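Asks: What follows is a single structure, and I will ask about it in a moment.
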Amino acid sequence: MIKAALKNSSWLVSEKFVTMGLNLFVTVWLARQLGVQVYGELAYVLALVTLVTPLAALGLNAIITRELVERDEDEPRIMATTAAVRLFGALFGFAALLTWLQFTSTVTPEEHIAIVIIGATSILQAFQVVEYYFQAKVSAHYVVKMRTVVTACAGVIKIIVAWVSADLLSVAYVYAAEFLFWGLGYIFLYQSQARGFQFKAIDWRYGGQLLKQSFWLILSGVAAVLYLKVDQVMLGHMVSKSEVGVYAVAVKMSEVWYFFATALATSFFAMLLTLRKEQSPLYATRLQQLCDALFGLALALAIVVSLLAEPIIPWLFGEEYRASAAILTIHIWASLFIYMRALASKWLIAERLLAFSLVSHGLGAVVNILANLWLIPLYQGLGAAVATIMSYAVASYLAFWVSGATRPLAIVMTRSLYLPFTLGYRHWALLKRIKRRT
């Protein structure tokens, strides 16, 4: 079981290493070619589109994995129903985005068009349900290959387009095409490697049951994306699009590392579900080990990135982005809580504490918005970075102390936070246990 999970994780990590390098190069190229103003407009557009993505996911991602693991024989109904429900959610999200555009005066005509075309093609991300099918089967390599090809092709085209015509709309069309081919790729994969979508198997009553289970996750997803992207939207409204560009570069260099947490937590989720289902004593042990690994990795990354930010940012992006370095040295420390949150989100699913996901993300969103309203006028991008750390600390750690049901995980995370100070003792205790057994 562990061997299969590690192999699955290796595929996901390998994909991210490839796409991370490519996306980093593309980001550097776009930032240099477009300039801080246009790049800021692009980041602003993408942030707005991202705000409605929870309506396409509908909080069903991890629930799908759980359903497929526990009810493998019911796959056609699960997949067809989930895809249909998510498609309606994506259409509703796009309609909400169009409605918002009718009432705002801060979006330029070019930004308006870019939002519409990217938002329209992102509807097909509803078929990302296929990814969670292959995760449940611990066969991520199918999705990895497809996404890598699409991302690589889109990256090359972005480079060419930005070099030939450094304007917002030209690049926006490429992003739209990327979303389109991702969606079509998911459909093709499921048709060729599995049974294919059997839409006659759609069960709307079952879909209602899934939505009832995921209701709190839908709301928490909205709250989560608010404190993930609302800072860039608020910077665009309260300061300028060029400030969004400076901030977006720092955020990109910080977020590029998040894939480690997602890949590890996702790959071991099915294993944790199985251990819990079997009421294995290894469940608590594996949970602590995974949390320790995630925190330790985040701490190492935060230290390295903080030390290298000042010389690396101007060298990569140019002098007009020098201010991004200071923002990055602050923003990267949010990863300590983000990495542990990747595990916490899976744990809440396994323990069926979905309502708490809304509580924690809701608190994080409120803290983020209020902190941004306070700090952005004073410190611009630096203030937004501080607000990000505050919101993630509340949502991903402090909130778990509120309820007795979630306090066990808060204790697990606290042990991980003390990891740098207790590592020597843990190593000594482990050696002592091994010596006793021998």
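Going from the start of the chain as shown, residues are counted 1 onward.
Every residue, even glycine, has its Cβ placed from backbone N, Cα and C.
The transmembrane segment annotation in TrEMBL covers 12-31, 43-63, 83-101, 113-134, 146-166, 172-189, 210-228, 256-275, 295-317, 323-341, 353-376, 382-402.
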Asks: Sequence-remote contacts (6 or more beyond its ends) of the transmembrane segment (43-63), Cβ cut-off under 8 Å?
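Replies: Long-range Cβ neighbours of the transmembrane segment (43-63): 82, 85-86, 89-90, 92-94, 96-97, 111, 114-115, 118-119, 122-123, 125-126, 128-129, 132, 168, 172, 175, 210-211, 213-222, 224-226, 228-230, 232-233, 236, 241, 244-245, 247-248, 269, 345-346, 349, 354.
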Asks: I'd like to know if the transmembrane segment (113-134) touches the transmembrane segment (172-189) in this structure, counting it as a touch only when three or more C-beta pairs sit under 8 Å and are separated by 6 or more positions.
Replies: yes
Asks: Counting only residues 6+ away from its ends, which parts of the chain sit with a Cβ under 8 Å from the transmembrane segment (146-166)?
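Replies: The answer is 15, 18-19, 22-23, 25-26, 29-30, 33-35, 38, 173-175, 177-178, 181-182, 185-186, 188-189.
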Asks: Below 8 angstroms Cβ to Cβ, which residues of this chain, lying six or more residues outside the transmembrane segment (353-376), approach it?
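Replies: For the transmembrane segment (353-376), the list is 59, 213-217, 219-221, 223-224, 226-227, 230-231, 234-235, 238-239, 344-345, 382-384, 386-388, 390-392, 394-396, 399-400, 402-403, 405-406.
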Asks: With Cβ-Cβ distances below 8 Å as the criterion, list the same-chain residues six or more beyond the ends of the transmembrane segment (12-31) that contact it, or say none.
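Replies: Distant contacts of the transmembrane segment (12-31): 39, 42, 140, 144, 147-148, 151-152, 155, 158-159, 162-163, 171, 245, 249, 252, 256, 259-260, 262-263, 266-267, 316-318, 321.
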Asks: Check for me, if you would, whether the transmembrane segment (323-341) reaches the transmembrane segment (83-101) - at least 3 Cβ pairs under 8 Å, residues 6 or more apart in sequence.
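Replies: Counting Cβ pairs under 8 Å (6 or more apart in sequence), the transmembrane segment (323-341) does not reach the transmembrane segment (83-101), since there are fewer than 3.
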Asks: Using a Cβ cut-off of under 8 Å, list the residues of the same chain at least 6 residues beyond the transmembrane segment (83-101) that approach it.
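Replies: Contacts of the transmembrane segment (83-101) (Cβ under 8 Å, skipping residues fewer than 6 from its ends): 48-49, 51-58, 60, 107, 112, 115-116, 119-120, 122-129, 197, 199, 202, 207, 210-211.
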